[in-house]
Structure formats: structure tokens, C-alpha cells
Amino acid sequence: MIRQSLMKTVWANSSRFSLQSKSGLVKYAKNRSFHAARNLLEDKKVILQKVAPTTGVVAKQSFFKRTGKFTLKALLYSALAGTAYVSYSLYREANPSTQVPQSDTFPNGSKRKTLVILGSGWGSVSLLKNLDTTLYNVVVVSPRNYFLFTPLLPSTPVGTIELKSIVEPVRTIARRSHGEVHYYEAEAYDVDPENKTIKVKSSAKNNDYDLDLKYDYLVVGVGAQPNTFGTPGVYEYSSFLKEISDAQEIRLKIMSSIEKAASLSPKDPERARLLSFVVVGGGPTGVEFAAELRDYVDQDLRKWMPELSKEIKVTLVEALPNILNMFDKYLVDYAQDLFKEEKIDLRLKTMVKKVDATTITAKTGDGDIENIPYGVLVWATGNAPREVSKNLMTKLEEQDSRRGLLIDNKLQLLGAKGSIFAIGDCTFHPGLFPTAQVAHQEGEYLAQYFKKAYKIDQLNWKMTHAKDDSEVARLKNQIVKTQSQIEDFKYNHKGALAYIGSDKAIADLAVGEAKYRLAGSFTFLFWKSAYLAMCLSFRNRVLVAMDWAKVYFLGRDSSI
């Protein structure tokens, strides 16, 4: 019985041994005593040394080791996939496909209408990107030959973002469309709604020309100019923050003031004036620039000029009782409390009455007159119509507002009989604010509008060539049905974002019926992610991300 038990034990473990070692153990068990065989089986050294090398048995890995290997592989594959996606996206943007050329007629003989777009801002570019440009002869007229990503413009004067990272050439945008687009680097200065013509003047250097352009449809998206509210001295002594040239000018003034102040004695009152930076306007542009300026002083200038950086004063002047009035009160209070912590001097209920070369004269909420000395003054408040918009207003009776071009619910210019549309900051309509988000959605809406307008034009052409009354009736029904599908423009507010300094941001979000209020460092990451996603091209996203990484590791570039 004992020997049989031993044999069963040997055979039960025989899978662990090779054939030779198996037969050897059986023979050994038959010829030796039970105790000797048992001792052999219990001798771990013999089993490990003589049997293990021939078995191929692998020890089971721990859960954490297996998980670690899987995670490492997943990260590696993700990095490879991400690199491939980035490379492909950049290649696709740099190598556009062949475009359909412009022509006077379509293959069926119907007329191809001309659509002229004035401007290269948010509304105009949104229309151009979403429009099927094969349906019209599309012409873009703008004195600025690039699109500017304005939400990140306040980051550029102090070097957080480089200007080249937030611009995209108009010709590049136009070249990526399916149909050919003509572009004129020129400024429209007169529109004739009666004869449907536009007078433009070249803004290109060494290439002056005047040109008359005919249109069937005209979209005015020329934006707005800064509104000084008639305050004396603003145009002469302050800097605005709407264009690349404005950011470059502010950067030059900041660096010049700092260098001049460094050459003066700390007790000199002129030094204190030069180191006083004043921002007028408590909207997103003014708030974000003040925050960026404070960050530059605290995070960069303090390293290289520690004593001087302590003397720099940032002041934000706002005529209303609060800054960022489009945000929820909780977020407004959060931003104002943070500004106090950052030592940004908030002057609320303070209205600027006059500006001279060194001082702002302002009226406080108590009615007192206060003089605020400054070294650099940035005016970031209010919009006013441009000259071409003012000119157009005088030619249409219905245009009786000074705040902007009046439009209906389909973005058609009042009094223009359906041939002129207006979008963006150059317009005025109750409930629509002069923001990039509004202009972007207006551009998307018009792209769909013109798609349906093309369909109606084609149905009308077919109706004029119909052979019998039944076909005419059928086409009329289709026209009525298509016209009924053109809905009014409805703005979908998705929320508002603002950077408030010290790597913190606020977000007032609307998702369906729900509303969310976010504030803090996590919101700053969301702010970055949202603006990266909103960048016009993949190239812009890469450059902006690299700028942020550069600031994190190397600091801001303060050179001019």
C-alpha cells in the first residue's frame, strides 16, 4: 500500500518532469525503500537542480507587476498614436487638396452668385470655414491678412504667448476650402446697397490700388474700433488691446518704463510714476491683461529685478460697481478677492474724465476728483462702429442706431432687402453681445443659410426652364418648403471664461439647462484646454501649448 501510494504521488507530479526523469523516478521507487524515495522527493535541491531546467515552468507574476507592464505599454502606444495624429494633422494642413475653380456659371448653365465677405475676424472666418465655397464665387476683403485669436491676446504683451502662435493667414484659411476663394488685402470704405457694389482701397505696402467689387450677397464682419466715450486724451496717450500692433506697443512701453525707472533713485517720484501700470476697463480683456501683468511681475521680474519689482503697482479702473459683470456674482466676488490678494488696486465706480501724458483724472463714486499717475495706460473698454459701418448706416433709413449695424433675426441688415448681412462686433441686436462666441455662431448660421439660399436659387432657375405647369407647381412647393427650413438665428450661450492670475481662472458654464460655476487652479487647466480646442488650426494648438510649456520651464521672454 505504501509503495502504491508513493507511485501515485510520483505520477501525480509527473507533469513537472521530463520523460527521462519520470521513468527514472519510477524505477528508483520500485528498487528502493519507501523512506529513501520519500527523502528523494523531499530533497528540494535535487528537484530544483535536476528537474526544473527541463520543465519550462514560469513563476506567476504579481498583479501590480502585470498592471505596471500593461500601463507602460498603453502609454507607449498612446504616445505613438498621438505623435502620428499630430504629424498627420500638421501635414494635412500644410498640404491642402485641389480646389474647384471659380466660374460665372454652374455646369447646368445657372448663374454662380458672388458672395463678398468683409473682414477676417471671428464671424468672417467662421463663415469661411463652414461655408461650401463651391456654391458661390467667394471673395474676402480685409486690410488684415490674418485671423487673430483674440481670447489669448492679453497674454501676449508680457510674453506668456507669442504673437505668431495666435495668428493664421487668411490665404491659408481660404486655401483649405473646397472651392477657390479670392482674397484682397484691402479696406472697404464705401458700400452702395442700391447698385450692389463695394469700393475698396489696398492696404498692402507698395501696392496701392482702388477697386470696385460687385456682389450678390455681402457679409459685413469688419468688427469695431475702441470706444473712448469722448474722453479727452485717450487716443493720444493710451494704448488699446485689439490688434497685434497694440500688443507690440504695450510690450515696448512696459519694458521702456521699467528700464527708465531702473536708472532713477528709489526716492524719485518719477520712478514711482513709471512703475504705475493702469488698465481701464473691467471686462474680460482688461481683467486678463491686469492678471497677466501681475503674473509677469511676481513670477519673472522678481527673479531678475527683485527690489524694483516690489515697487510696481497695477491698477484696474472700472466705472461700474463690479468687474466681469457678465459672470455670476459668486465668481465676480472670487475674482475681486483674488485681485486684492495679488495686490492689484481695484478702483470701482471710478470714471475717467481726462487723460494727459502722465496722469489720469477720474471721478470716484463719492464724487471726488482723483489724479492717478501712470507710466503705461491700457484702454480696454467699449466698442464703436468703424468708418465703413458708419457710412453704410447713412445710406439706409432703418439704420438709426449709433451702437452698430441693426440686423433682424436672420442677421440681415435692416433696409438692405436681403442682400446684405452683418455679423460680429459691428452689429447691434438685443440679446447678442460683442463676443467671439456670438460671432462664431453667427458665422456658422450664415454658412447654413447660404447653403439653403443656393438651393432656392437652383429651384428658381429650374422653374424658369420648366416645361409644364405641374413641374412649376412641384418646384414652387419645394421652394416654399426650403424657405420654411431657414430658421431664425438662435444664440446658444455655452458660458464664459476668464483668467484672473496666479494660475487661477473662473468659468461660468451652461450645459443645457444646467449651469456650473467653477473657480480656481483646476479651472485654469480647463481654461487652457478650452482655448486650445478653440484655436483655429492644429498648428496654432501646437504653438500655444509649446509657449505655455516654455513659460513653465524657462519663464517669459521679456525682450522686445
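Including glycine, each Cβ sits where the backbone N, Cα and C put it.
The FAD binding site annotation in Swiss-Prot covers 114-144. Counting only same-chain residues six or more apart in sequence, the Cβ atoms lying under 8 angstroms from the Cβ of Ser142 (FAD binding site) belong to Leu118, Gly119, Ser120, Ser124, Val170, Tyr183, Tyr184, Glu185, Ala186, Glu187.
In this structure, Thr285 (NAD(+) binding site) is part of a helix by DSSP. The NAD(+) binding site annotation in Swiss-Prot covers 275-311.
Sequence annotations record features per position, and here Swiss-Prot assigns transit peptide to 1-41 based on sequence analysis.
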Assigned conformation of Val138 (FAD binding site) - DSSP reduced to three states: strand
Candidate binding-site residues Thr114, Ser126, Thr134, pick with smallest Cα gap to Asp300 (NAD(+) binding site): Ser126
Nearest recorded site to Val280 (NAD(+) binding site) by CA-CA distance, among binding-site residues Thr114, Trp122, Ser126, Thr134, Val138: Trp122
Local Cβ density at Ser126 (FAD binding site) - other Cβ atoms counted within 10 Å: 25
Listed in sequence order, residues with CB under 8 A of Val138 (FAD binding site) and six or more positions away: Gln102, Thr114, Leu115, Ile117, Leu128, Leu131, Ala174, Ser177, Gly179, Glu180, Val181, His182
List of residues, in chain order, with Cβ under 8 A from that of Ala290 (NAD(+) binding site) and at least 6 apart: Val279, Val314, Leu316, Phe339, Ile344, Gly501
